[in-house]
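Enquirer: Please find one structure pasted underneath; my questions will follow.
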Amino acid sequence: MIAVNNVSLRFADRKLFEDVNIKFTPGNCYGLIGANGAGKSTFLKVLSGEIEPQTGDVHMSPGERLAVLKQNHFEYEEYEVLKVVIMGHKRLYEVMQEKDAIYMKPDFSDEDGIRAAELEGEFAELNGWEAESEAAILLKGLGISEDLHTKKMADLGGSEKVKVLLAQALFGKPDVLLLDEPTNHLDLQAIQWLEEFLINFENTVIVVSHDRHFLNKVCTHIADLDFNKIQIYVGNYDFWYESSQLALKLSQEANKKKEEQIKQLQEFVARFSANASKSKQATSRKKLLEKITLDDIKPSSRRYPYVNFTPEREIGNDVLRVEGLTKTIDGVKVLDNVSFIMNREDKIAFTGRNELAVTTLFKIISGEMEADSGTFKWGVTTSQAYFPKDNSEYFEGSDLNLVDWLRQYSPHDQSESFLRGFLGRMLFSGEEVHKKANVLSGGEKVRCMLSKAMLSGANILILDEPTNHLDLESITALNNGLISFKGAMLFTSHDHQFVQTIANRIIEITPNGIVDKQMSYDEFLENADVQKKLTELYAE
């Protein structure tokens, strides 16, 4: 267990937390959420002792061990992969080092023998004999092949280093586990493995993540950082979001009898619980949900941008025909004879292990890049809005304020008040609209690019990782806006829930062909024939 008592912290004149009092108990996984900049990562550093609060303290039960997912990917460059994982249990690694140093001595004294015996006893108590096999199991689960286990960290790629550091945090069954964005840079298989690991983990987990599917899968509770306080709610992220919306609705219907409000809450909980999986964690979470009262749900103060793409005209039957597109970049063939026909109601999610392949395809069909061979043709009734993964060219060197920046992309001569109102709905309020475009944060740039796409009135959206840099509120708003979109879409995203709730067709691009299926993302992942075909294509 980890208890937070009267913790307050401020940086300069900015207050992050004030008199926070909460407990995180064993057997539960807490999703720590809050707007960008609210202080989620800072709070994890307070819990780990890396940052000292101005008032209050953090208390752990005596003898308990805390593990943290390290963020510095270059910290262990000269160490072997397997050893880096075992370093996750600091005391065990110290014992191993001291023990090995004694046995390496050429003149082994009686004192050395006594000390070695003490260390051997402690080594056995700490499950030292299983350390290497446990580390290897964690690495294998995350997709690090055995031939890399004895390599130095410096020899690994960026995403491989992330996996090793994650294995380090998970190693040795820590009593409290702190994970800051653990799914970043992980492939789908590694995320699924991590989900199962955390679902079966018996101690305390506190996780920060922008991945709603992940939060829904692993969390028993949500810790909401808002107004410098942290409030803990039972349930996963979707339950927190839906219940906060219900609480807002009930607060606006204050004249309704309490009995009616209680009935609405009970119906909501029953409906939500009915969709839960049968896992041990989901079952225990369901029992907690059934005890919820009206006082346990509260409206959120979160602000959600207003995302609404309205096509100016309907699409005809001819949408897009792609035939034999091939492209080589820096000597590597990223697209090889890609062909497909897009229909008017398609919302196609593009997947694949090589992200550059999807980005290249989107650039070609948007007219930003030439193919080496092959053709594509848009239907005469179509108009496209392209959202690139790298948007830097739209902002770098721009001295325009946000109103003038947006005006240059407006197809109609819109008034200042219209553009200010539009930006306001995307959470740029008051004086923020006078910000220079070249000083925006990553999330602000994405909201500007989405505003540009909405103003276009396009009936085809081409979106390359539109959820990057967005907070959970903006991702949720964009997700809902695209579900309602009446046009057609080609898009890619690492956000599982985003893809699952929007796409009705999946195209995976492999080096040896595509797999194109009219089905949802989860069906695509669970379809044995599809997965067999993909395995064959990647193996060729």
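Every residue, even glycine, has its Cβ placed from backbone N, Cα and C.
According to Swiss-Prot:
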- 2-252: domain 'ABC transporter 1' (DOMAIN)
- Gly34, Ala35, Asn36, Gly37, Ala38, Gly39, Lys40, Ser41: ATP binding site (BINDING)
- 320-537: domain 'ABC transporter 2' (DOMAIN)
Enquirer: Quick one: which residues besides Gly34, Ala35, Asn36, Gly37, Ala38, Gly39, Lys40, Ser41 have a Cβ within 8 Å of the ATP site's Cβ centroid, in sequence order?
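Expert: Residues close to the ATP site, other than Gly34, Ala35, Asn36, Gly37, Ala38, Gly39, Lys40, Ser41: Thr42, Leu225, Asp471.
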Enquirer: To see if you understand the setup: which same-chain residues, six or more apart in sequence, place their Cβ under 8 Å from that of Ala35 (ATP binding site)?
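Expert: Correct list: Asp226, Arg302, Asp471, Glu473.
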Enquirer: Please determine which of the binding-site residues listed here (Asn36, Ser41) has the lowest count of neighbouring CB atoms within 10 Å.
Expert: Ser41
Enquirer: Counting across all protein chains present, how many other Cβ atoms fall within 10 Å of the Cβ of Lys40 (ATP binding site)?
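Expert: Step by step: centre on the Cβ of Lys40 (ATP binding site), count other Cβ atoms within 10 Å, giving 22.
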Enquirer: List, in sequence order, the same-chain residues at least six positions removed whose CB sits under 8 Å from that of Gly34 (ATP binding site)?
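Expert: Sequence-distant Cβ neighbours: Lys40, Asp224, Leu225, Asp226.
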Enquirer: For the binding-site residues Gly37, Gly39, which Cβ has the most other Cβ atoms within 10 Å, all shown protein chains included?
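Expert: Result of the Cβ crowding comparison: Gly39.
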Enquirer: Using DSSP, would you call Gly37 (ATP binding site) helix, strand or coil?
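Expert: Coil, per DSSP.
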